[in-house]
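Asks: Got a structure for you, written out below as structure tokens; questions coming shortly.
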Amino acid sequence: MSEALIGGGAKKVYILSRRRDVLESAAAKHEGILIPIQCDVTSKASLQSAVDIVTKDSGYVNLLIANSGTLGPTNRLDHDLSIHELRKNVFDNVSFEDFNNTLSVNTTGAYFTMLAFLELLDAGNKNALKGGFGGPSTEGGAPSIQSQVIFTSSLGAYSRDRLSPPAYSASKSALSHLAKHASTNLAKYGIRVNVLAPGLFPSEIATLMTANRDPATENLGDRMFIPARKFGGAEEMGGTVLYLASRAGSYCNGLILVNDGGRLSVMLSEY
């Protein structure tokens, strides 16, 4: 995402992560443009520290992507098990702490990230009115590209398939509704809220679903068939983010954009 934004002309991109080594490695590729900030989204103090750094450095943001995520417990409601085995798998073998931590990172952490940056997003709109990015297309008008939050949800938010881990699915489903709620209630302030719900893109979280697979060789009879016959890649993700961030996507607010190669259309889902 950050690579796409920089390639699209972003003057500065702040990247937040708990892992300093990941931050420093990413920032080294774009020194002075990609700014690393160590941050834990489950800590209000850490979020405030990140906000303070951005406030001091630039004073505003035009776009906030809340991309935090953890898979959490992978114990599923597997109907190949007996009812005794099923209970043991999902009750005895999963702790309240592990289940709730999934929601803490994926839902609460993402939501509080948005809340922490509200004033900086508002400042982004004010900067646009002064001639900055997203300035009015007509004199005296509103910003042509209003400040925006993009929440990264997931295909899992809409999945009813037994392969979907319940904690992860619940956390992303909750996030999608929080985003819709926020888009309604932040409209007064000119802050847009949209959701990106990706399917299978190779990543740490997706390893369980992508390892030892070649979607190009699969067909409709395969349980995890993807109609596009490929996993998502940098172009699909980067292009989608650029669309939402640009004038082309400036009319989107409260949108759930599913980017999944058609996977949702061939599985048990709620979408």
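Every residue gets a Cβ built from N, Cα and C, even glycine.
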Asks: Out of Asp40, Asp92, Asp122, Asp260, which does Swiss-Prot tie to the same NADP(+) site as Ser17, Asn67, Tyr168, Lys172, Ser203?
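Replies: Among Asp40, Asp92, Asp122, Asp260, only Asp40 appears alongside Ser17, Asn67, Tyr168, Lys172, Ser203 as NADP(+)-binding in Swiss-Prot.
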Asks: Provide the number of Cβ atoms within 10 Å of the Cβ of Ser203 (NADP(+) binding site), excluding the reference atom itself.
Replies: 15
Asks: For Asp40 (NADP(+) binding site), write down the residues of its own chain that are at least 6 apart in sequence and whose Cβ falls under 8 Å from its Cβ; none is a fine answer.
Replies: Arg18, Ser46
Asks: By a simple count, how many Cβ atoms lie within 10 Å of the Cβ of Ser17 (NADP(+) binding site), its own Cβ left out?
Replies: 17
Asks: Please work out which residue of Asn67, Ser153 has the most C-beta neighbours within 10 angstroms of its C-beta, and give that one of the recorded positions.
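Replies: Of the recorded positions Asn67, Ser153, the most buried by Cβ count within 10 Å is Ser153.
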Asks: Suppose we draw a 10 Å sphere around the Cβ of Lys172 (NADP(+) binding site). How many other Cβ atoms does it contain, all chains included?
Replies: 27
Asks: Starting from Ser153 (active site, proton donor), work out which of the binding-site residues listed here (Ser17, Asn67, Lys172, Ser203) have their Cα within 10 Å, and give them in sequence order.
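Replies: Among Ser17, Asn67, Lys172, Ser203, the ones whose Cα sits within 10 Å of that of Ser153 (active site, proton donor) are Asn67, Lys172.
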